[in-house]
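The structure appears below as structure tokens.
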Amino acid sequence: MEKIYFDYAATTPTDPQVLEAMKPFFGKAFGNPSSIHSFGREARGAMEDARQKVASFLGAKLEEIIFTSSGTEADNFALFGVLWANAAKGNHVVTTAIEHHAILEPARFLEKLGYKVTSVRPDREGLVHPEDIAAAMTDQTVLVSVMHANNEIGTIQPIKEIASLVKEKGAYMHTDAVQTVGHIPVNVAEMGVDLLSLSAHKFYGPKGVGCLYVRKGTRIAPFLRGGGQERHRRASTENIPGIAGLGKALELCGERMAEEIVVQTRLRDKLIAGIQKRIDRVYLNGHASRRLPNNVNFSIEYIEGESMLLNLDMLGIAASTGSACTSGDLEPSHVLLSIGRPHELCHGSIRLTLGRYTREEEVDRFLDVFPKVVAKLRAMSPLYPVRENRLP
Ligand SMILES: *Cc1c(COP(=O)(O)O)cnc(C)c1O
């Protein structure tokens, strides 16, 4: 039987058209965009073409787009670059408890270096309240970083409202939009953000390439230092095949997004309703409506996320969980803990994320087999209450 991929939030397959757009730059068009000969000019042309696509997709100017090696680098660049360049103003950054590790870890490191970091908690549905962000700010606050949508539970944050409060108080606003770019509308002018991170492999582009949008006039120091690439803001020879792929992937998303939102939202809701109907003691994680069109996340009482995953994998279904024991990380998800889920429920979480190639038959097959997997695991669980008629 064909395998089923329900892990689009972890990474997406590269669209065949994207791969085609990248191929020339592994071949004859191999030039270094800094070279002034024809090889270099051809590479530079492709890069500027991609930059144009990104800028128009985001509603940004060409010079506001800086290509990076990943979403992680864009996030690190935003935090370190803005704090380093604005030391005269202050040393405080405000972020949230549910950020991706690409923000959490650099923020933790900044704290070690002597910076002040305030982490704001979301409500039980994963929503960050703008007034909580405003309350956390001081006259030392240089930067506020709040993700656009959460990668685990899919909650979409009110970035526009948060940004407007942040700007009023005179700080810079960054958003990690790695889960939203290419999936729901993202426009930097409408959102009012100064910095925004994105990553190609989350929207059917290649791995290892991303970008940071930096609003004109934002004071930011380079994170990678070396050559003068990207107008002296990001050193290193540009990843031309990757950048061409990123541009093509975003162009395709622009053409297909409206339809994909409709299709995925319907399949998402079918999964949510189907799971709630077929299995007892399940709890939806994340917001019911302010939610990514492709995200389903449940806590299933009395079982381990890990066992669900392994059992589904044996049936050819790829999903994800908030507790990744095999990756050496026994701690339950910081996101589920932050929204107030007790430890047991954090360990019993499962995330299904849909995408461009998800078909309705796959959703139906999942709804058919998943209740059986849960029943089997619960039958083995010492915690699952034994029914009266089974007592001796
Ligand atoms: C995947 C992801 C990242 C990291 O992006 P990479 O390109 O894999 O480094 C950062 N933030 C969020 C929200 C993500 O989902």
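Just so you know, glycine gets a Cβ as well, placed from its N, Cα and C.
The domain 'Aminotransferase class V' annotation in TrEMBL covers 4-366.
The secondary structure of T237 (pyridoxal 5'-phosphate binding site), as reduced to three states from DSSP, is coil rather than helix or strand. Residues or ranges marked as pyridoxal 5'-phosphate binding site in TrEMBL: G71, T72, N151, Q179, S199, A200, H201, T237.
Positions annotated as N6-(pyridoxal phosphate)lysine by TrEMBL: K202. Within its own chain, K202 (N6-(pyridoxal phosphate)lysine) has A9, T11, T12, G71, V178, Q179, V181, G182 as residues 6 or more apart in sequence whose C-beta sits under 8 angstroms from its own.
Residues annotated as [2Fe-2S] cluster binding site in TrEMBL: C325.
As annotated by TrEMBL, active site, cysteine persulfide intermediate applies to C325.
Long-range C-beta contacts of S199 (pyridoxal 5'-phosphate binding site), restricted to its own chain and to partners at least six residues apart, with a cutoff below 8 Å, comprise S70, G71, T72, A74, V178, V181, V209, G210. Long-range neighbours of H201 (pyridoxal 5'-phosphate binding site) (same chain, six or more residues apart, CB within less than 8 Å of its CB): T11, T12, T14, K207, G208, V209. According to its DSSP assignment, S199 (pyridoxal 5'-phosphate binding site) is in a strand. If you count neighbouring Cβ atoms within 10 Å for each of the binding-site residues T72, N151, T237, the highest count belongs to N151.
Taken in sequence order, the binding-site residues G71, T72, Q179, S199, A200 that lie near ligand 1, meaning a CB under 6 Å from one of its atoms, are G71, T72, Q179, S199.
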